[in-house]
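K.L.:
Found this in Swiss-Prot, in case it helps:
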- 6-102: domain 'SH2' (DOMAIN)
- 67-92: region 'Interaction with FYN SH3 domain' (REGION)
- Lys89: N6-acetyllysine (MOD_RES)
- 104-128: region 'Disordered' (REGION)
- 116-128: compositional bias 'Basic and acidic residues' (COMPBIAS)
Amino acid sequence: MDAVAVYHGKISRETGEKLLLATGLDGSYLLRDSESVPGVYCLCVLYQGYIYTYRVSQTETGSWSAETAPGVHKRFFRKIKNLISAFQKPDQGIVIPLQYPVEKKPSARSTQGATGRRDDPDVFLKTP
């Protein structure tokens with residue numbers, strides 16, 4: 001998962017929301033660890049000032065899936081990157097297609113951000 005640029009690891013829901021709201025762009029998204037369900041991830045998407053969160057998990061066989069709107073057929077993907085690519089298209093069961101990845105910026109110092117704290121959210125928005 002660490003190879004996925006939009007994966008922010010163990011950040012809080014509040015931190016994820018702040019990062020997305022700071023972009024001000026509908027369709028901005030990131031992935032983070034779920035705070036309530038171990039081993040599950042959250043795909044967080046900004047739309048009209050609200051953050052929509054979809055649980056993403058890996059099956060025992062290694063496939064990836066996301067919880068989407070009721071009535072939408074559940075799909076499975078071999079790689080998390082394939083799941084993200086699929087949700088960049090319209091009508092996939094999420095509020096808006098994924099458009100603007102909020103990537104975790106690699107730190108110049110391997111584990112510390114600009115303030116010297118390990119939890120510093122060094123991020124940047126990648127626009128198409």
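Cβ coordinates come from backbone N, Cα and C, glycine included.
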K.L.:
Who sits close to the residue listed as 'N6-acetyllysine': which same-chain residues at least 6 apart have their Cβ under 8 Å from its Cβ?
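P.N.:
Those within reach of the residue listed as 'N6-acetyllysine', by Cβ under 8 Å and sequence separation of 6 or more, are Pro97.
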K.L.:
Checking distant contacts: for the region 'Interaction with FYN SH3 domain' (67-92), what same-chain residues at least six beyond its ends satisfy Cβ-Cβ under 8 A?
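P.N.:
Residues packing against the region 'Interaction with FYN SH3 domain' (67-92) from afar: 1, 4, 6, 31, 43, 54-56, 59, 98-99.
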K.L.:
For the domain 'SH2' (6-102), give the DSSP counts of helix residues, strand residues and coil residues.
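P.N.:
Per-class counts: 18 helix, 30 strand, 49 coil.
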